[in-house]
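Quick notes on the structure that follows.
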Amino acid sequence: LQTALKKTPAGPVSVQRMLIAFAKRYSPASGTPQKYDPTFKGPIYDRGCTDIICCVLLMVAVVGYVAVGVVAWSQGDPRKVIYPTDSRGQFCGQKGTPNEKKPFLFYFNIMKCASPSVLLEFQCPTTQICVEKCPDRYLTYLQASAQNEEYYKQFCVPGFKSLKKSPPEVLRDGDCPAMITPSKPLARRCLPAINAKKGVIMVGNQTIFDDGRGQQRNVTDLVDGAKQANVVLEARQVAMKIFEDYTVSWYWIILGLVISMVVSLIFIVLLRFLAGIMVWVMIVLVILVLGYGIFHCYMEYAALKGQAGSDVSLKDLGFQTDFRVYLHLRQTWLAFMIILCITEVVIILLLIFLRKRILIAIALIKEASRAIGHIMTSLLFPLCTFFLVCLCIAYWASTAVFLSTSNEAIYKVFNETHCDYSGTRCNPETFNTSSIAKECPDARCLFAFYGGETAYHKYLIVFQIYNVFMFFWLANFVIALGQVTLAGAFASYYWAFKKPDDMPAFPLFSSFGRALRYHTGSLAFGSLILAIVQIIRVLLEYLDHRLKAAENKFAKFLLTCLKCCFWCLEKFIKFLNRNAYIMIAIYGTNFCTSARNAFFLLMRNIIRVAVLDKVTDFLLFLGKLLIVGSVGILAFFFFTQRIRLIQDSTPSLNYYWVPILTVVVGSYLIAHGFFSVYAMCVDTLFLCFLEDLERNDGSAEKPYFMSSNLKKLLKKTNKRQPEA
C-alpha cells in the first residue's frame, strides 16, 4: 500500500481509486462493492432472457411429466385404493361381478401386510378373497376339517372342495388359510379384533400371546407377529378415535382457522399504521403469554401434589395411546414449565442484548409496512402461490395413486413334476381347457404377484421417482416465482426517490410479467438445484428405513451424517436462492451471477446480516407466535370445556388435543402465509439498503434512497437534497 501511495498522484479521487483497486486485488473473497451508477433507478426494465437452457429443460420435463400422467391415468385404477379387490383383481361388493354379495376382503395372512412395500404398491403379498362377513371365531383348518367345515370353506378360495385333498395338501397349495381369527371390518377389510389385557394379547376371548409372564401359546402361527399385530390394532383404534373427533369438531376447527386469519389480517393492517407500537406490544404480549403458560403449568403441577399415581415417571409409564393419561402426571407439567421458562429467559436475554439493533429492525419493519401499504395487492399474492402449489400437490398425488394402482394380477404355472411351461404366465379362467393343463396334469394356474412384465411395469418405480422429483421442481419453481414477483415490486418502492410518485403504476403485475418473460430459466435453475437436494434427502430417508433392522452401526452412522449434511445444504440453498431471486428481480442477471453478487454483498455486511436481518426475522417470528399462542389458548379453553360459547356447544371428544393441535398448526400456516409477504419485503429492502450504502454516499450527486427514519438511525444525511 505504501508503494502504491508513492507512485500515485496526490488527491482524494486518486487515493479512492487506488484503495478500490487494492480491495479488488487483496480482498477477492468478499467480492467487489457496487459502484455508483447515475442511470440506476431501481429494477432494470431493459433486460434480456436469462438461463434459456434451463427454461427449455423445464419445458421438456413438464411435457414428460404430462406424458407420465396420461400413461398412468390410462393404466391405473384408483378404485383399487378405495374399494378392496381380491387376488383375481375383482372388486368386492360391486354390482355385476361374482363378488356382488361379498363386500368384505379377507386376508389369508394379515402379517404380510406389514411390509413397507405395501405403501408403495398398495397391494398385500398374500392371498385375498371376498367374503360375505368377517370371521367371528377362532378356528384352525385342522379343527375345521373335523367340525365346522362348511363355515370354514367360505374363507377358502372360490370353488374349493376339500374331499379330494388332505389338510397338508390344502395348506401347501394355499387353498385355505391356516387359521381364522375373530375380525372386524374396517374400510371393508377384515382386520383381527386383537386387544391386550394385562400384558396378554387376545383375539376375542382367545389368548394368543403372553409377554413372558404366562405360558399361553394356543395359536403358534401368530406368536412371532402378535406384538406387531397389537401395535397395528392400537394404531387403528387411535386413528378411528381421531377420525371421530374430526367428524364432531370440524366446524369448530374451521371457525378457529377463520379467527386466526382475521387476527392475522388485523395484525398486518395495524402494522401498516402502528408498526413501532405494535412491535413493542407484540414483544410484551409474547412475554406475558409465555408467563401465563408458566403460571398455568405450575398451578397444574401443584394441584396434582398428593394425588394417587401423579408421581409415576414418564419412563415408567411408557407410550400410551390415550394421551390424556400424561396430563395426570406431575412430571409432564414440570417438563412443560421448564421448556416455557427456558424460552422466556432466552427471549428476554435476546431483547436485552439486542435492544439497539431492535430499533433499526423496527425501522425496517416500518419501511416494509409503508411499502406494503403502497402495494396492498401483495397481501393477496400468496393466495395465488398457494393455489399453484395446491395444483402441484393434486397432480402429484393423483399421478402417484394411478401409478401405484396400475399393476395387474400376474398368474403363473406352478407344478410339482417337470413341466416345460413352469413359471410362464397363464389365465386362470381358461387354464383348465388349455393345452398346458393337458400336457401337465398336475400343473395349476395360481396368483403369483401384482405387477406386470411390460416395459411400463418394469420402469414403474422410475416413474414414481420422476413424479416425486417433478413435484419438488415445480413446487419450488412456483415458490421462486412468488419470491421474485414480490422482490421486484418492493424493490421498485425502495429505489423510488420520491415515494410513491416515482413508483410504476402496477408494480406487482409489472414484476410478475418480467419474471415470467425474462427469468423463467433462472427460476427453473434455482428450483432444480433445490429439487435435486430434496430428492436425495428422500432417498436417504428411504435407505434409513430399509437399514433400521440392520446391525451395521457404521452404515447407520454414515447415513445419519449424510442426512444431516444434506439438511444443512438444503437450508443454505434456500437462503442463497432467496437472495439470488431478489438480485434477479432488481438487475435482471442470470442465476449464477445473481447468487454470487448476493452472497458477496451479504459477506461484505456479515455483521448486519447476522444481527439486523435475523433480529427482524425474530420479531416477525414473535408475531406469528403471538397469533398462534392466542388462538391456541382460546382453542384449549374451549375444547377442554373451560369456556362455553353456547350451552352444550362443546363437542364430546376422545382426544381434545386433536382439534387443538389442528387449530394451532393451521393458525401457524395462516400466519406464516401473511407474514411471508412481510419477510420477503424486509429481505428485499435489506438488500436494497446494503446496495444503497455501497452505491451512494449522501452527496448531491449520489444521494441515499433510504427513508428519513433509517437515515436518522444510521446518522446519514443527503447533502443539499430534500428528504425523500
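From the backbone N, Cα and C atoms, a Cβ is placed for every residue, glycine too.
If you check TrEMBL, you get these features:
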type	residues	note
TRANSMEM	52-73	transmembrane segment
TRANSMEM	250-270	transmembrane segment
TRANSMEM	277-295	transmembrane segment
TRANSMEM	333-354	transmembrane segment
TRANSMEM	375-397	transmembrane segment
TRANSMEM	470-497	transmembrane segment
TRANSMEM	518-540	transmembrane segment
TRANSMEM	581-603	transmembrane segment
TRANSMEM	618-639	transmembrane segment
TRANSMEM	660-680	transmembrane segment
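With a cut-off of 8 Å on Cβ pairs spaced 6 or more residues apart, the transmembrane segment (250-270) and the transmembrane segment (581-603) reach fewer than 3 such pairs and are scored as not touching. Pairs of Cβ atoms less than 8 Å apart link the transmembrane segment (52-73) most often to 518-540, out of 333-354, 470-497, 518-540, 581-603, 618-639. In this chain, the transmembrane segment (470-497) lies close to the transmembrane segment (581-603): three or more C-beta pairs between them fall below 8 angstroms, excluding pairs fewer than 6 positions apart.
Touching of the transmembrane segment (375-397) and the transmembrane segment (618-639) is ruled out by the presence of fewer than three CB pairs under 8 A, sequence neighbours closer than 6 excluded. Residues 283, 286-287, 290-291, 293-294, 297-298, 300-301, 304, 314, 327, 611, 615, 618, 622 of the same chain lie 6+ residues outside the transmembrane segment (333-354) yet bring a C-beta within less than 8 angstroms of a C-beta in it.
Beyond the ends of the transmembrane segment (618-639), by six or more residues, the same chain brings 249, 252, 256, 259-260, 263-264, 267, 279, 282-283, 285-286, 289-290, 292-293, 347, 350, 358, 361-362, 365, 645, 650-651, 653, 656, 659-660, 663-664, 667-668, 671-672, 675, 678-679, 682 to within a C-beta distance below 8 angstroms of the stretch.
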